[in-house]
Amino acid sequence: MEHSGPSEVTGADTAGPDPQLAVTMGFTGFGKKARTFDLEAMFEQTRRTAVERSRKTLEAREKEEEMNREKELRKQLEDIEPTPSSSSAVRERSKSSSRDTSSSDSDHSSGSSDDELIGPPLPPEMVGGPVNTVDEDILGPLPPPLCEEGEDDDDDDLEDEGEEDNPIHRIPDSHEITLKHGTKTVSALGLDPSGARLVTGGYDYDVKFWDFAGMDASFKAFRSLQPCECHQIKSLQYSNTGDMILVVSGSSQAKVIDRDGFEVMECIKGDQYIVDMANTKGHTAMLHTGSWHPKIKGEFMTCSNDATVRLWEVENPKKQKSVFKPRTMQGKKVIPTTCTYSRDGNLVAAACQNGSIQIWDRNLTVHPKFHYKQAHAPGTDTSCVAFSYDGNVLASRGGDDTLKLWDVRQFNKPLFSASDLPTLFPMTDCCFSPDDKLIVTGTSVQRGCGSGKLVFFERRTFQRVYEIHITDASVVRCLWHPKLNQIMVGTGNGLAKVYYDPNKSQRGAKLCVVKTQRKAKQAETLTQDYIITPHALPMFREPRQRSTRKQLEKDRLDPLKSHKPEPPVAGPGRGGRVGTHGGTLSSYIVKNIALDKTDDSNPREAILRHAKAAEDNPYWVSPAYSKTQPKTMFAQVESDDEESKNEPEWKKRKI
């Protein structure tokens, strides 16, 4: 048997693993062969790619410079009136340029040398030839008119892009619809996440449901109820899933109802005689507002006049989940007027009556994470705090007629502040636009002193960029839905307005404005047909129609038509009616039962009337005493003193 030397490599060794070794180790192979790389080829490919990229960049830059030079030349030609000499000069210059270019390309040189000016000169806009791309540094002839039209299109595109970048053009205010809630202030607005239903609440205790898909042009609510009886509605908000609505009223107990208005749960009322509000199971004073958690289903928050902010769960209405107690810098109680969650739900923000804004971590209820004590004027009700969609900025609407913007990451001073925004209601709203570039709030006015406005501020510069005059009443609530791109406004005269743009908005009010109002069915009535016969006899002639007033006076005299009640019966009753003893049967019976049957006659005189007849004709008593006692004897009258003397000792009164 021959064995190969150590320097020899067999084909089996190079092709794959040893079969005997594979059988011994229990596997079929050693995997894929290691990949080899040719570094020189890779380096050459990288170099070529870099050169090609640099060449393209240089060509694009040179082409842009050439276009700029052509534009300048075209402007100069437009300013100067064309003459034959000038046209010839331009033509000669273009021809000389073509000759210079022909050094690199013979075809172009032959074509340009044959091109000569024959006849009158052409207009400046038609003078030109193909752009020479061989040498970018040489100024070529004028471009054709099609290039100018393309440049105009580019300018229009740039203008359209500028309009899209301007946030004012995104405000949907071209059209509006008005929903009649009532006659009193609309103090609460809520829109579900899908934008299908709107719910409104007001000072008239009513909560009304509006379905955009089910409404027609009459704009009528499909349901109205009073969930909190005689308490004003202060806040309405749909949950993040849209199946429940949080109702906050002037009472101390918040309620949760479903989409159809049926009650799901009611928070318990706390013990108002306990000093520490953390030991009570619920609020003990009037509520201000409430808010759903943006991430956790079934969790919501309320704030009250008992100086607490409480977190609740729908599954446990008998006790709150946690309690936040706002405090002043001196540790005293302070009433929160509004509260909200951050966009991620990790922070809880509340504004208080002393002008401070306090922000807690949701899991740490003792000390606030951020506390700014002079955010607004002390003693005023801050009506709203709202987080931006990115979660970094907080907007606050103060009762001191200001709107301020805060950075949560540096909560030591306001970023911007806007004044001269009057407010008269403790629930005036402020909100961010869906693209986070605008901030919206409403203004209040006295009755008959102007119109309420919806004011838009740019977030980056905080300049007042736009205003919408709503109505001759205060603007209380405002809501900008991100999916519908529609703005809902609640006013002080009982109206809820919806602003939209057919090109920028989706669904919502667009679904109901296209539906025609249903016509009411007229009841069919049969009227008497009058036949006018002027030559008929008077006995068959029908009486003329009198005026309504005269007909009513005539009907009044008729006891049957006027339903005149029967007069009372004088004297004894007749026809089944009781007479003078009363108008009803019960009074007659009472009078007969309570009759006074006392006899006022003297009994002695009544007996003495028969004394002479008894003496002349004795029958009963006198014959019995005629023999034994013929002479009548009467008892002697004794005084009271003698009677008392004859009494025994044990009966005498002791003095």
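Note: Cβ is positioned from N, Cα and C throughout, glycine not excepted.
Per Swiss-Prot, the feature compositional bias 'Low complexity' maps to 99-112.
Taken from Swiss-Prot, the feature SUMO2 cross-link applies to Lys297 (among others), supported by similarity to another entry. Same-chain residues at least 6 positions away in sequence with a Cβ under 8 Å from that of Lys297 (SUMO2 cross-link) are, in sequence order, Ser239, Asn240, Thr241.
Neighbours of Lys591 (SUMO2 cross-link), defined as other CB atoms within 10 A of its CB across all chains, total 13. Taken from Swiss-Prot, the feature SUMO2 cross-link applies to Lys591 (among others), supported by similarity to another entry.
The SUMO2 cross-link annotation in Swiss-Prot covers Lys597 (among others) and is backed by similarity to another entry.
Over all protein chains present, the Cβ of Lys453 (N6-acetyllysine) has 19 other Cβ atoms lying within 10 Å. Residues annotated as N6-acetyllysine in Swiss-Prot: Lys453.
Look at Swiss-Prot and you will find Thr580 tagged as phosphothreonine, backed by similarity to another entry.
Annotated phosphoserine per Swiss-Prot: Ser622 (among others), in sequence order. DSSP gives Ser622 (phosphoserine) a helix state. For Ser622 (phosphoserine), the same-chain residues lying six or more positions away in sequence with a CB closer than 8 A to its CB are Ala614, Glu615.
According to Swiss-Prot, the feature phosphoserine maps to Ser639 (among others), an assignment based on a large-scale study or a structure entry.
As annotated by Swiss-Prot, repeat 'WD 1' applies to 181-220. Break the repeat 'WD 1' (181-220) down by DSSP state and the numbers are 0 helix, 17 strand, 23 coil.
Residue counts of the repeat 'WD 3' (282-322) by helix, strand and coil are 0 helix, 19 strand, 22 coil (DSSP-based). The repeat 'WD 3' annotation in Swiss-Prot covers 282-322.
What Swiss-Prot lists as repeat 'WD 6' is 422-467. Look at the repeat 'WD 6' (422-467): DSSP puts its residues at 0 helix, 19 strand, 27 coil.
According to DSSP, the repeat 'WD 7' (470-509) comprises 1 helix, 21 strand, 18 coil. Sequence annotations record features per position, and here Swiss-Prot assigns repeat 'WD 7' to 470-509.
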Residue numbers, six or more beyond the limits of the repeat 'WD 7' (470-509), whose CB comes under 8 Å of its CB atoms: 170-191, 193-196, 198, 200, 202, 204, 210, 212, 389, 424-425, 427-434, 440-445, 447-448, 450-454
PLDDT averaged over the residues of the repeat 'WD 6' (422-467): 92
Beyond the flanks of the repeat 'WD 3' (282-322) by 6 or more, those residues with Cβ under 8 Å of it: 234-235, 237-241, 244, 246, 248-254, 256, 264-272, 333-345, 348, 350, 362, 365, 426-427
Integer Å distance between the CA atoms belonging to Lys453 (N6-acetyllysine) and Lys591 (SUMO2 cross-link): 74
